[in-house]
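Data first, discussion second: the structure below is written as structure tokens.
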Amino acid sequence: MASMKKWVFFGSTRTKVNRVVVNCFENGLVKEEEDEDISTPINEEETLGVSDEKKMPPWGNLDIEVDGSLESSGDCTPSNSGRISCILEPRLHFLEERDEEILSKRVLSLSRLNKVRSAFDLYMSMEVSGLQPNLHACNSLISSLLRNGFLNEALKVFEMMKKKEMTTGHTYSLILKAVASIQGCDSALEMFMDLEGESRQRKDFDVIVYNTMISICGKANNWIQTEKMWRTLKENGHQGTTVTYGLLISIFIRCGQSELALDAYSEMIENRLEPTEDMMQAIISASTKEGNWSLALSVFKSMLNSGLSPNSIAYNSLINSLGKAGEIKLAFWVFDLMQSSGHKPDEYTWNALLSSLYRGNRYSDAIRLFESIKREQKSQLNSHLYNTALMSCQRLGLWDRSLQLLWQMEASGLAVSTASYNLVIDACEVARKPKIALQVYEHMVHKNCTPNTFTYLSLIRSCIWGSLWPEVEEILDSVTPDVSLYNAAIHGMCLRGKISSAKKLYMKMRDRGLKPDGKTRALMLQNLKRDSIRQRNRYPSRRRGY
């Protein structure tokens, strides 16, 4: 029987019962479809071995509804709801083989071979004949139908399985993923909510279904629904797996929800699950974004103890986080490990190290590190590194060193911003070099770099401390009236004892409609009061009754 490759049928006259018996269905139907492409129209009479006269099975032309009965529908087009309409017309056969296990294996084999029409016909024939395919065969058939775009037929099989309480988490996952792929995340969520209410009674929802929904929400970048699905999983008594937490961490980090990613990781550790290398890399980045350098360092050390090698992103994130926290020694310890592990430092690494030294008030060390980078890694120099070195020079008042860096920066072809020129002018201000500051300003304008308020404030302060009063007035007259510039000039003049000049500037400021700040008003009132007392002492009033 197993070697038979032909169809067996009874009767060829009209007076006898015309019955089509598919003998050894698993051999015959596969043989026919191996010779034909599934997309090719099939002559039903030739396939089933029926004579020239139209034959009908003994049960007549039955219809199957979606709820479990047979529906014989023709080719359809997509409906308004977006679902693909039924395009497979079930061809029912009388089955000589009655062993459910054998027939289930054939459904499974046909589904795996992607013989979707034959598998669907056999499944429907079993249903009508009162035979029950096993769970594995049903799930494989649903998967084959969905692979070939037959969503309605898959839903039909799914509804039959639900009625017989055969569904598992894998069944739900197949259907939900297909609905999400065709109709979108919202439709899958709506179906999930309906199915969840039914499944609570049968308790056939498992963690696989929740993982599927978490993945569906993640693909839509819907982190709110992802979090809700995570909470629902726990409320229904399920415990997440490594896959669950991997999905959660990946989705939350991608959606910028680092805090939720850290919560998921903490819960995973509490449940004594081992994180993967990718998850640990992601957690290091997430914890550094949240400023939690201690957690990042702990995960980093766990990776090293487990024999795992963090990637360059993890190294750079940790170095930057430690530098911001003022943990300079730890930052350079991680840097040493990075070099010993074979990772080459890049511009992000140098930015993090230089910034950490600057934040730690180690300005001389920052300048020395910059010089080292310039000697050994000149190709990785960028504007940020130059500006960090210029800020260190400004703090130390190294105006000549800042000028050298500025010329080198211009010669290297890097774009020199207003901020860079301002740092050099600030260094001249700290070093009490107002004339050099004015020269840098003139060079800046010559380079078509537009000064801003900070440029003029630094110039005014430098000129005041250098007693260059005409230059102060010239700057104020040449720029658009700015209240902050007038306030700074008046403060400096008062501190240097140039009260009359400050008064004139104050009156000019008021005439231009600029409103002085509280400190300027206080200085003016204080000095006006002193002048009034001096004038009364100098010109005493005559006594009354003269």
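Just so you know, glycine gets a Cβ as well, placed from its N, Cα and C.
Per TrEMBL, the feature repeat 'PPR' maps to 134-168 (among others).
The annotation repeat 'PPR' is assigned in TrEMBL to 206-240 (among others). Secondary structure of the repeat 'PPR' (206-240) per DSSP (helix as H, G, I; strand as E, B; remaining residues coil): 26 helix, 0 strand, 9 coil.
Residues 207, 210-211, 214-215, 217-218, 221, 223, 226-227, 230, 233, 282-283, 285-287, 289-290, 292, 295 of the same chain lie 6 or more positions beyond the ends of the repeat 'PPR' (241-275) yet place their CB under 8 Å from a CB of it. Residues or ranges marked as repeat 'PPR' in TrEMBL: 241-275 (among others).
Positions annotated as repeat 'PPR' by TrEMBL: 276-310 (among others). For the repeat 'PPR' (276-310), the model's pLDDT averages out at 92.
Among the features that TrEMBL reports, repeat 'PPR' is placed at 311-345 (among others). Per DSSP, the repeat 'PPR' (311-345) is made up of 26 helix, 0 strand, 9 coil.
Per TrEMBL, the feature repeat 'PPR' maps to 346-376 (among others). With a cut-off of 8 Å between Cβ atoms, the residues of this chain six or more beyond the repeat 'PPR' (346-376) that come close are 312, 315-316, 319-320, 322-324, 326, 328, 331-332, 335, 338, 382, 384-385, 388-389, 391-393, 395-396, 398, 401.
Residues or ranges marked as repeat 'PPR' in TrEMBL: 382-416 (among others). Long-range contacts of the repeat 'PPR' (382-416) within its own chain (CB-CB distance under 8 A, at least 6 residues past either end) are made by residues 347, 350-351, 354-355, 357-358, 361, 363-364, 366-367, 370, 373, 423-424, 426-428, 430-431, 433, 436, 440, 447, 449.
Taken from TrEMBL, the feature repeat 'PPR' applies to 417-451 (among others).
Helix, strand and coil residue tallies for the repeat 'PPR' (482-516), in that order: 26 helix, 0 strand, 9 coil [DSSP]. As annotated by TrEMBL, repeat 'PPR' applies to 482-516 (among others).
Residues in the repeat 'PPR' (241-275) partition by DSSP class (helix H, G, I; strand E, B; coil) as 26 helix, 0 strand, 9 coil. Residues 168-170, 172-173, 176-177, 180, 184-185, 188-189, 192, 196, 200, 247-248, 250-252, 254-255, 257, 260, 264, 267-268, 271, 273 of the same chain, all 6+ positions outside the repeat 'PPR' (206-240), place their C-beta atoms under 8 angstroms from a C-beta of that stretch.
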